[in-house]
């Protein structure tokens, strides 16, 4: 069954389910547009134009793979009712397929830290964080006042959160409000997602930095947090540092013995940061070494996406649907499809740049063994293997490519 046929079939199932609830007296409608103009931002913008939206004060947003609990609105809407300055209430993602493969376990570690630390700190200290695009409830008046959904970048969710903050609105993140969802288990799907999640914020920073500086509704400290901590350090420097330092500069020191890197900068400080990240998901702490190797290997993709976003080149506006298999979402609505064998061509899963970096690290590791007097080869050989695994696509599950 082709991906397009699967999509049409699922749309028919959703439509029938909506009709069933409508016959029981529930105010529910099924809406779909006939084009992809503006991608997700365009779809959300079209959805807000329907006449029945004018009767509502709030809008809840969920991606297709999310399963909110029945009490989701009871736990979010009261915050908006009792705080007229609040624009958004954001829930935390929980992953039903985290144990599906090694790649999903590693993703869970990164995203758990993102929610537990980055989102919670931003919400509690400055009432600002990047909207995650799903599992949240927006005040419609705040959404409209901020300019609505904008497709100037591929991160319409973060874009709206920034514009709402510049208008003086506050955002709230609830760490104990968990919503079930699914992680991509196809490596190509993950690559497309990570490209968008890195390129989009970099492009948004390029377009919004001036507006943040000139805003009169935001305090100086919040401006510094948004520009320096949120955008510059986390969305730009973190990706460049991971790749340039650990995959280019540090390996090169074995070729140039006169260049030395302090141990605190090369190992102690990064080890401390890594351990803090692992605290977000203790059950996966034994995978910490694999997580470091995988994140460093993915840093090449993110660095390339970051450059595209900052300079608006290449695939800066590319939006590829993140394919989910649905294995973890056992619902009564959609019956599980018989599993099909997908034969992925070798050239479709090979990534040349990652392989070239792997060769470079392997060379530096071998050079250190033969001529060096350090033990850096241990890291270099392990990291080169990480790049080879990623470069040959031996990560996650193999699924047929989809284009919706």
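Placed from the backbone N, Cα and C atoms, the Cβ positions cover glycine too.
Remember, TrEMBL labels are computer predictions, not curated facts.
As annotated by TrEMBL, domain 'Glycosyltransferase 2-like' applies to 58-264.
TrEMBL lists 236-256 (among others) with the feature transmembrane segment.
The feature transmembrane segment is assigned by TrEMBL to 268-294 (among others). Long-range Cβ contacts of the transmembrane segment (268-294) within its own chain (Cβ-Cβ under 8 Å, at least 6 residues beyond either end) map to 102-103, 105-106, 108-110, 112-113, 115-117, 246, 382-383, 385-386, 390, 395.
Look at TrEMBL and you will find 352-370 (among others) tagged as transmembrane segment.
For 376-400 (among others), the entry in TrEMBL reads transmembrane segment.
Long-range Cβ contacts of the transmembrane segment (352-370) within its own chain (Cβ-Cβ under 8 Å, at least 6 residues beyond either end) map to 247, 251-252, 254-255, 297, 300-301, 304, 376-377, 380-381, 383-388, 390-392.
The average pLDDT computed over the domain 'Glycosyltransferase 2-like' (58-264) stands at 95.
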